[in-house]
Every structure is written in C-alpha cells, then in structure tokens.
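The structure under discussion appears below in the form of structure tokens.
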Amino acid sequence: MAESVIDNSTELPVEKKASKLAAISKFRELGLLAFIILLCIVVQTKNASFLTIGNLTDMITNTAILSILALGMMLVLITRGIDLSIGSTLALSGMIVAQTVSIYSGLNPVLAILMGTAIGIVCGIVIGFLVAKIGILPIIATLAMMNIFRGLNYTVSDGQWISSYQMPASFVSIATSKILGINTLVFIAIVIYIIAFYFINHTRTGRQIYAVGSNPESAKVSGINQTKILLIVYSIMGGLSGLSGVLWVSKFASAQGDTASGYELTVIAACILGGVSIAGGSGKISGVILGAFLLGILNNGLPLMNVSPFWQMAIQGSIILIAVIINALVKRGVDRNNLLRRKI
C-alpha cells in the first residue's frame with residue numbers, strides 16, 4: 001500500500017507538467033501572435049515608419065508568396081515528408097512561363113497562371129510517385145529532383161535570363177494590380193487559404209492527411225490509401241510552387257536560372273515557426289500564416305532598425321531554434337499526456 005502511495009506522489013509532478021504542456025499546445029498560436037505584437041512594438045519604437053500603412057501593405061504583399069508556399073509545405077510536413085525541390089520547381093515554372101509570354105505577348109495573364117500551376121503539378125506528381133510508389137525517402141527524392149529541376153531550368157533558358165522589357169505589361173502587372181481593392185498576390189493567397197481551410201477541416205481527404213502523419217500504421221489498418229494521400233499532397237505542393245513561380249517572376253520582373261535558390265529553407269522555417277511538427281501529424285493554417293508573417297516582420301523590421309545583415313541571419317536562426325525547442329517540448333508533453341490518459 002505504501003509503495004503505491006510513493007509511486008503516485010512521484011508521478012504527480014510529471015502528470016502536471018505533461019498537462020501544462022498539453023494545454024500550451026492549444027494556445028500556441030496565441031503565444032505566437034503575442035510575440036508578433038511585441039516585436040512590432042519594439043520595431044516601431046526604433047523606427048516610426050514601420051507601422052505606416054504603406055510599409056505594412058508592402059510587408060504583407062512581400063509575404064504573400066511565402067505564405068502560399070508555406071501552406072503546401074505544411075501539408076507535406078504533416079505526412080512526415082519534406083520537399084526540398086520547391087525553389088527549383090518555382091524557378092522552372094517561372095522561366096517557362098516567362099519565355100512563353102515573351103514570345104506570345106498577348107497571352108492572357110490567367111492562362112499564364114494556370115500554365116505555371118500545371119507545370120508545378122507535373123513536378124509534384126513526379127515527386128509523389130517517387131515517394132509513394134517507389135518508396136524513396138522524401139528528403140532523398142526531393143533533393144534529387146531539386147537538382148534535376150534546377151538543371152532543366154538552366155537547360156530551358158540556355159543560361160540566359162529574361163528581364164522586364166521582354167515581358168508584356170499585362171504579365172508584369174499581375175503583381176501590382178488589384179482585385180476588389182486588394183493586391184492580386186494577397187488576394188490569391190487569401191483565396192488559397194480559404195480553400196485550404198475548407199479542404200483540411202471539412203473533407204475526408206483533409207482528415208486523412210493528418211491521420212497518415214499521426215500514425216501511418218493505424219492509417220493503413222483503417223483502410224486509408226496512403227499512396228493516394230501522398231500523391232495528392234505532393235501534387236498540391238507542386239501546384240502551389242508552380243503558381244508561386246509565375247507570381248515571383250511577375251513581382252520581380254525577372255526570370256533567372258538561380259531564382260529562389262535555397263528559398264525552400266525559408267518556407268520550412270515559416271512552418272516551424274508556425275508550430276508545424278517536422279515529425280508529422282500536426283500543424284494549423286493559422287500557425288502557418290503567423291509563421292510566414294513573423295518572417296516577413298523580421299525581414300522588414302530588422303533593416304529598419306539598422307541591424308547588420310549578418311546579425312539579421314543570426315537573429316532569425318535563434319528565433320527558429322527557440323521555436324523548434326518549444327515545439328519539441330510541447331509535443332513531448334502532449335504525447336506524455338495522451339499516454340497517461342490511456343493508462344487511466
């Protein structure tokens with residue numbers, strides 16, 4: 001009898017700690033939002049131009065493409081995967097579309113966007129096939145395709161780049177035009193997030209994506225077609241990368257062989273900051289939006305504070321590291337809390 005009392009007394013602090021960490025996981029986005037607000041206040045005190053309408057508009061517009069890519073990466077990470085090829089897919093799509101509009105200047109911008117998206121979907125299907133059908137590890141498959149797509153980009157462009165004077169005004173204006181008073185890039189991002197929210201939370205396939213990432217074995221036993229889910233996820237990631245390629249080229253009015261080189265790491269960072277677990281199974285759209293916005297604030301605010309570019313990278317890296325540690329601790333607490341509940 002005494003032994004059981006001792007056991008309960010020693011386990012009680014562990015249970016409390018696990019419960020606290022599990023509770024934190026439910027309000028993670030609120031904590032991130034509070035940090036963003038605090039960061040905005042700090043930057044504003046250092047530079048009064050930070051919270052002006054013009055600067056905020058530019059910052060949101062500059063974050064639109066990142067937020068679109070981060071959404072796709074979230075789905076990939078949830079399934080315990082990763083996609084290192086998105087920068088190359090973006091560049092390849094942007095280059096092919098830029099070449100097309102430079103030849104056919106009368107091409108409707110909507111068709112250009114659809115064309116870029118289709119190119120990205122094809123790239124995503126190839127990666128999905130390698131991961132889901134062949135069984136190659138996502139990091140290996142996407143690393144290989146990253147180099148292949150980048151090589152194709154240089155081959156297609158013959159090492160040349162396309163500048164703004166070679167593009168029709170209708171194409172370049174995609175990034176500067178407005179729909180319902182909202183910048184087109186931001187408008188497209190909003191539409192994509194609305195569709196994604198419905199897809200993830202109100203469709204069977206959306207719920208299955210989380211199931212595959214949470215416990216692949218249980219998902220398989222329950223009859224979920226994991227091959228189909230992975231193909232869908234990587235196709236979505238590819239499509240969003242292709243779309244982003246068109247938006248990127250329009251925004252910067254330039255298509256180059258090294259466009260968005262290494263940008264996949266920034267996208268992954270946005271997901272991690274937003275609370276998406278690289279171990280799979282968890283991630284929220286609201287968190288991804290906040291993660292992308294936090295990076296946007298850092299990229300915009302640190303230069304306004306006259307922080308050295310070298311320190312900017314160090315600060316961003318430190319914040320990402322802290323986010324990873326917090327995510328790991330919270331996940332450990334959630335898992336431990338679930339285990340204790342099963343024992344009860």
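Placement of Cβ uses the backbone N, Cα and C atoms for every residue, glycine included.
Residues or ranges marked as transmembrane segment in TrEMBL: 30-53, 59-77, 84-104, 110-132, 139-157, 177-200, 229-249, 261-280, 287-304, 310-330.
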Interface present between the transmembrane segment (110-132) and the transmembrane segment (30-53) (three or more C-beta pairs under 8 A): no
Proximity verdict for the transmembrane segment (84-104) and the transmembrane segment (139-157), three or more C-beta pairs under 8 Å: yes
Contacting positions for the transmembrane segment (177-200) when only residues 6+ beyond its ends and CB under 8 Å are counted: 57, 60-61, 64-65, 67-68, 71, 75, 206, 209-210, 240, 243, 247, 251, 285, 289
The transmembrane segment (229-249) versus listed stretches 59-77, 110-132, 139-157, 287-304: most Cβ pairs under 8 Å: 110-132
Same-chain residue ranges lying at least 6 outside the transmembrane segment (110-132) that approach it to Cβ under 8 Å: 81, 83, 85, 89-90, 92-94, 96-97, 100-101, 138, 141-142, 145, 149, 171, 174, 226-228, 230-247
